[in-house]
Amino acid sequence: MFVALRDLRHARGRFALMTAVIVLVTFLVTFLASLTAGLARESTSAVTDLPADHLAFAMPGPDDAPAFTASQVTADQWRRWRGVPGVDAAEPLGVATTRAGSAAGTASVTAFGVPAGSRLLPAGSPDLTTGGVLLSPAAATELDAAPGDTVTVGGTALEVVGTTDVEASFAHTPVVWTTVADWQAVGARGTGSDDDPVATVVALTTSDDGAARGDAAVGTTTVTTAQARSAVASYAGENTSLTTMQGFLVAISALVVGAFFSVWTISRSADVAVLKALGATTRYLLRDALGQAAVVLTVGVGFGTLLTAVGGRLLPATVPVLVDTTTTVLPAAGLVLLGLAGAAVSVARITRIDPHAALAAH
Amino acid sequence: MDLHLDRITLVYPDGTSTLTAVDDVSLTVPAGTTTALLGPSGSGKSSLLAVAAGLTPPTSGRVRLGDEVALTPTTSVAEATRWRRDHLGVVFQAPRLLDSLTALEQLELHAHLRGRRPATVRRRALELLDAVGVADRAHHRPAQLSGGQRQRVAIARALVGDPAVLLVDEPTSALDHDRGVRVVELITSLARETGAATLLVSHDASTLDPVDATARLADGLLESPARPQRTEAPGGRCVSAPAG
């Protein structure tokens with residue numbers, strides 16, 4: 001990169017401008033990725049953090065995609081899942097977004113109904129009995145409630161038995177935990193017979209492919225807890241929109257980088273002709289030009305990623321950004337690779353520059 | 001080694017017909033001497049230079065370095081590039097220096113193009129910059145040099161690899177007469193020192209007193225065979241005898 005590095009130093013204004021554009025595009029992409037991940041966490045953390053590996057949905061139609069808003073499992077289905085070989089644990093889980101109130105005010109919450117003594121409760125939680133409610137930290141804060149206080153969940157008065165150590169959110173609302181019996185008033189409202197809805201899904205812990213075997217027999221649709229994120233209505237819409245925006249931004253950045261190096265290559269066509277006339281091979285020139293693009297991209301993407309990493313930590317907790325390797329390093333690597341692809345298409349014109357042009361007077 | 005242009009013909013397509021730019025020209029330039037190729041615009045001298053540089057393949061004929069055939073009509077682009085890289089120094093009509101490189105780096109680039117560390121030619125580069133009178137401008141970029149200084153750096157760049165062949169295209173076209181003569185003197189003396197067979201294209205005969213031989217092209221034909229300006233070249237050999 002004998003000439004490339006000296007070009008960078010010599011035309012520092014032009015390259016600084018281009019690097020600044022890449023920094024901003026990278027910041028946008030990585031920040032958007034962090035925001036997407038943060039919003040996804042706010043929509044689905046209560047599901048993905050469940051101590052279960054599969055969820056069985058019972059949808060109204062046989063071809064319906066799993067959705068928490070439409071699924072209703074019966075007591076019979078729950079019991080039949082318990083008997084499926086390879087299923088170590090099967091517990092009903094009710095999910096219903098509703099309104100909660102306390103002496104301090106009201107808040108939107110999602111009530112998770114589980115059997116008394118359920119292992120689905122977050123680790124370290126106090127026992128949950130009928131008439132009691134367990135609050136996630138955000139719910140406790142919004143309701144300004146402490147153990148011993150009385151809150152209403154979907155109109156049912158319950159006593160706060162404690163607060164969980166970890167945050168749990170569903171569809172951007174904090175989660176509160178009740179017994180399935182109390183949850184009936186909020187969600188299923190069945191009469192208690194085997195054919196009445198008892199909960200939203202059955203949470204399964206499996207040791208082999210028991211989940212696949214049970215669906216046909218029980219009449220449910222089973223997905224992993226990770227796949228179950230798509231069953232949260234808010235997640236699917238947000239995630240698709242934000243991921244599409246990221247994709248457009250990455251494609252735009254590749255176009256911007258490609259356009260810059262296209263103009264840059266045209267402007268130095270005469271120099272390339274001279275270099276070829278002096279004996280530079282096309283391979284040497286392509287390596288030089290791509291090396292230059294790699295330096296600009298690496299520096300620009302590096303600073304843009306750093307900006308997101310630092311900015312993410314400075315933002316208030318109310319902005320749901322999740323800065324980690326998958327939201328910074330992975331998109332950054334994608335930007336470098338696609339940017340290099342854009343630059344490669346642009347600098348390929350080097351192969352068509354005729355060294356004969358060096359003999360021209362000007 | 002001597003440079004031989006053996007029966008070079010170059011025909012360009014010209015609409016539905018063809019244009020013969022160089023017509024069966026043979027010329028030998030002995031090592032260490034400078035032969036000037038004269039002729040009016042459009043006579044074919046730059047086309048012949050382009051053939052010798054491997055920038056344009058001849059329609060027929062061949063270019064030899066000593067006994068070794070270097071360029072033929074079937075020579076590939078990669079082989080022509082190797083010819084320029086390994087055996088050739090070229091001085092273009094305009095200096096054609098790279099804006100981002102200092103005078104010294106213009107010469108060090110030569111080593112980098114050959115996969116060697118630039119530092120390996122630094123001493124030789126400084127010697128040449130000194131020889132052309134711009135040693136004190138070694139760390140200046142082209143924008144900080146005068147036109148004459150740029151031309152001298154370009155000459156030093158062409159010679160830094162100690163090429164067997166030096167091709168020079170209209171080096172005096174932008175200079176007044178006295179400066180033109182000095183530049184030709186410089187090229188001729190450096191060719192003698194380095195032993196490069198030097199072919200210099202010019203349309204201005206008045207600046208060519210220092211060269212060892214001249215030849216004249218008109219309409220693509222060698223009008224007068226290479227005629228010695230001097231009786232003997234260094235080493236006592238007769239120079240620029242017509243070839244073929």
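Every residue number used here counts from 1 along the chain in the order it is shown.
Every residue, even glycine, has its Cβ placed from backbone N, Cα and C.
Curation does not apply to TrEMBL; its annotations are automatic.
Annotated features in TrEMBL:
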- A:16-208: domain 'MacB-like periplasmic core' (DOMAIN)
- A:248-355: domain 'ABC3 transporter permease C-terminal' (DOMAIN)
- A:15-40: transmembrane segment (TRANSMEM)
- A:248-267: transmembrane segment (TRANSMEM)
- A:288-309: transmembrane segment (TRANSMEM)
- A:329-348: transmembrane segment (TRANSMEM)
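Cβ atoms under 8 Å from those of the transmembrane segment (A:248-267) belong to residues 14, 18, 21-22, 25-26, 28-29, 32, 289, 293, 296-297, 331, 334-335, 338-339, 341-343, 345-347, 349-350 of the same chain, restricted to positions at least 6 beyond its ends. The list of residues near the transmembrane segment (A:329-348) in space but at least 6 beyond its ends in sequence, with Cβ under 8 angstroms from a Cβ of it, reads 22, 25-26, 29-30, 33, 246, 250-251, 253-262, 264-265, 286, 289-290, 293-294, 297-298, 301-302, 304-305. Summarising model confidence by region, the domain 'MacB-like periplasmic core' (A:16-208) averages a pLDDT of 89. Non-local neighbours of the transmembrane segment (A:288-309) in the same chain are 1-5, 7-8, 15, 18-27, 29-31, 34, 257, 261, 265, 323, 327-329, 332, 335-336, 339-340, 343-344, 347, 350; each lies 6+ residues outside the stretch with a CB under 8 Å from one of its CB atoms.
Residues of the domain 'ABC3 transporter permease C-terminal' (A:248-355) grouped by DSSP class, helix first, strand second and coil last, total 91 helix, 0 strand, 17 coil.
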